[in-house]
Amino acid sequence: MELRSHAVTRGVERAPNRSLFYAMGYTEEELSRPLIGVVSAHSEIVPGHIHLDKIADAVKAGVRMAGGTPILIPAIGVCDGIAMGHIGMKYSLASRELIADSVETMAMAHCLDGLVLVPNCDKIVPGMIMAAARLDIPAIVCSGGPMLAGVDNGEEISLSKLFEAVGARKVNAITDADLKRIEMDACPGCGSCAGMYTANSMNCLAEALGIALPGNGTIPAVMAARIQLAKHAGMHIMDLIQKGITARQIITPAAIKNALACDMALGCSTNSVLHLLAISREAGVPLDLATIADVSAKTPNLCHLAPAGPAHIQDLHAAGGIPAVLAELAKGGFIDPSLITATGKTVQENLAGASNKNPAVIRPIENPYSTTGGIAVLWGNIAKEGCVVKRSAVADEMLVHSGPARVFDSEDEAITAIYAGRIVSGDVVVIRYEGPKGGPGMREMLNPTSALAGMGLDRSVALITDGRFSGASRGASIGHVCPEAAAGGEIGLVVEGDTILIDIPNGKINALVSDEEFTARRGRQIMPAPAITSGWLARYARGCAGANAGAVMK
Ligand SMILES: CC(C)(O)[C@@H](O)C(=O)O
Ligand SMILES: [Mg+2]
């Protein structure tokens, strides 16, 4: 069988190349087998990655069992929780591009035959899948798995509860001792933070896309089943190479639609919109916000996991995991079960035996939380190219809301005002110049949304931004406003006191401002200088295609 790696291992001319493998202890037998890159984001700065060395070792064991030669390759990864609330978060989304580019570089430079990608947290999962789609070689994602929920006073909690506790402390609703107790309880060990936040959203959607094996999204990081999953991933990559099944034969337009339907059913992080747009772009699959809105309008929402409800990923796993969710969607005709996946089998074949074991965690398709999906897309005169909201985490009374704009040119200004008690019931907080170009880096506004929730304002205050939100954000938090203020978007022309009208069920968001008034304001507008003007992030900002395109580098 002709292999990519023969370009570095076969022929007289490649004696030097082979010699460098021998220098590392590889044998001739190992060089005669398919070379499999095991791309591990193991590090000691991300709780979701602290154990990935064990996962990667298990993947390598599986590759060897199936007759391949595994080769460990490193990838970087940002911990969004540690980066949150300061300049660090400006680097998070942009790091996704670095990850995709570095995986591409390593796979192409060494002519690897296939990849098993070992991510876990927010930007590393999409970055690695983007690389697989771009390279179009056999690839499987095997994530590190979700963290268990913590237990605080008998209640299952996770990171969103702690971020909201900060807001509660600021208004003296809890004591320093309460906050310290929650701080020590919220994150009990390794894995991606335990709610349906961005990491778990993307790990579940990797499974729905078919690029990861069943169980990838929900088997807890600490379970032996995660090690077994990793070994099977190492074995299955050899099968995909044998059958010539490459990433784009899995990441097809129909598979993207399956992932979108699962996204809407699960109530995933709004970051999934950015990442599915970016993955689609790399796979050559056309996708836009209008298509996402169409899928949302007709796909029921079946899960309310933290922060939208009390259940965590371990509860989703116990209820049957993504196979159970996909089986419910298949019953209603909301997914295409005929598609090939990383198991080498179809979705339908993978779903054999899948069942919904807990209708309180996964609503049956006949009794959804809503007939529309967890993420809604809105358009209007301050978001002419769209914006998104995690509708499944918005209180009913906030689905339609109007109120006075409270305008801030950065997250930092807004959080200062919120903590100082200057935001009151009915207000619409508008945070701009936090987009991909303007921030730069499109920060997640978890601190402002958690402060509002912790202060009990999430049922009466809305927040709009050209930045984005964490998967742990809840409330009427409307993000990804396009065009962003720094690109001339009307969100940059909103002034204090403008009336903002939000209508999530009808997909509308407008300021009661005439076109003429906007034009007059544009003539007077003074845009703030971007906070970072040199280095990687400045380059990313200059080359970013904007949130509407998935915030990818052009
Ligand atoms: C810190 C979190 C929870 O990872 C957040 O960044 C997210 O996007 O979900
Ligand atoms: Mg995040």
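Easy rule for this one: first residue shown is 1, then count along the chain.
Heads up, the Cβ atoms here are built off N, Cα and C, so glycines get one too.
These numbers come from a predicted model, not from an experiment.
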Per TrEMBL, what member of GLU434, GLU444, GLU484, GLU490 joins ASP80, ASP122, LYS123 in binding Mg(2+) at one site?
-> GLU444
Based on Cα coordinates, which of the following binding-site residues are within 10 Å of SER470 (active site, proton acceptor): ASP80, LYS123, GLU444?
-> ASP80, GLU444
Taking the recorded Mg(2+) site as ASP80, ASP122, LYS123, GLU444, identify the other residues of that chain whose CB atom sits within 8 Å of the mean position of the site's CB atoms, giving them in sequence order.
-> VAL78, ALA83, MET89, SER92, LEU93, CYS121, THR198, ALA199, ASN271, SER470
Among ASP80, LYS123, SER470, the recorded positions whose C-beta sits under 6 Å from ligand 1 = ASP80, SER470
Using the structure shown, find which entry in ASP80, ASP122, GLU444 (the binding-site residues) has the sparsest Cβ neighbourhood within 10 Å.
-> ASP80
For LYS123 (Mg(2+) binding site), what residues in its own chain, 6 or more apart in sequence, show a Cβ-Cβ distance under 8 Å?
-> GLY77, VAL78, ASP80, SER92, LEU93, SER95, ARG96, ILE99
